[in-house]
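J.: The structure that follows is given in the form of structure tokens.
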Ligand code: DX5
């Protein structure tokens, strides 16, 4: 079952509570908070308090904290305390992935690993049993509204082969053209910011169109 996972990076942050309630009312079960530190990626965004605010605004929503930060191990406790349901760590961001993923699960959140476009799938091999999900970045992280990297569906297939029992998510440039390609390759979680919050007829229409594009 394909899930659309709106990324709040593209939301109207002046009314974030309304936007996430509308996302939930549109049938989405999960949103992503894109955490950026200005070092791992050249942008600065949200902290644990935004996760807390989203959970307060829409208690029924599952919230992913995607940590696009250096040394994510220093933030596990604060995002788990903010009730992030999933904490996603970039493979490239720390030398202590085993310890970090274990710490996330011990803190009560579900751990996930994230691969940047240039990072080989092989980097997952020794860690697959520690994670609940794998996120395949389909753009270079840091900003919304970027162009989908066309080689991504093949990479999704390689992740599927290496980790057949793990949910696969994609993030970046997901729209009505790229979404079905990713779904066909084995992705079940589609993160979308611009194509949802930037839709001219509103976010509910954006979500509906992505679902339709994937046969939903
Ligand atoms: C990393 C960010 C973006 C965002 C979605 O840069 O995580 O991928 O979530 O971006 P768009 O607007 O392309 O859906």
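These residue numbers are counts, starting from 1, taken along the chain as shown.
Quick reminder: no glycine exception, Cβ is built from N, Cα and C everywhere.
Below, the features straight out of TrEMBL:
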BINDING   7, 66, 142, 143, 144, 145, 173, 193, 194  substrate binding site
ACT_SITE  34  active site, proton acceptor
BINDING   34, 66, 171  divalent metal cation binding site
ACT_SITE  171  active site, proton donor
J.: Using C-alpha atoms, which one of the recorded positions 34, 66, 171 comes nearest to residue 142 (substrate binding site)?
T.: 34
J.: Residues near the divalent metal cation site, 34, 66, 171 excluded, by Cβ within 8 Å of the Cβ center?
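T.: Once 34, 66, 171 are set aside, the remaining close residues are 7, 9, 32, 33, 35, 64, 68, 88, 114, 135, 141, 191.
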J.: Per DSSP, to which secondary structure element type does the residue listed as 'active site, proton acceptor' belong, with helix, strand and coil as the options?
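T.: For the residue listed as 'active site, proton acceptor' - judged by DSSP and reduced to three states - the answer is strand.
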J.: Just to verify: the residue among 142, 144, 173 with the fewest other Cβ atoms within 10 Å, which of the binding-site residues is it?
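T.: If we count Cβ atoms within 10 Å for the binding-site residues 142, 144, 173, the smallest count is at 142.
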J.: Rounded to a whole number, what is the top Cα to Cα distance in Å among the residues the record ties to substrate, namely 7, 66, 142, 143, 144, 145, 173, 193, 194?
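T.: Looking at 7, 66, 142, 143, 144, 145, 173, 193, 194 as a set, their Cα atoms extend up to 17 Å apart.
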J.: Just how many other Cβ atoms lie inside 10 Å of the Cβ on residue 34 (active site, proton acceptor)?
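T.: That number is 26.
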J.: With Cβ-Cβ distance below 8 Å and at least 6 positions apart along the chain, what are the contacts of residue 194 (substrate binding site)? List them in sequence order.
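T.: In sequence order, 10, 144, 145, 175 meet the Cβ cut-off.
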J.: Given the recorded positions 7, 34, 173, find the one whose Cα is closest in space to the Cα of residue 66 (divalent metal cation binding site).
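T.: Nearest candidate: 34.
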J.: Pop the Cα-Cα gap between residue 7 (substrate binding site) and residue 171 (divalent metal cation binding site) into the table, whole Å please.
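T.: Between the Cα atoms of residue 171 (divalent metal cation binding site) and residue 7 (substrate binding site), the distance comes to 9 Å.
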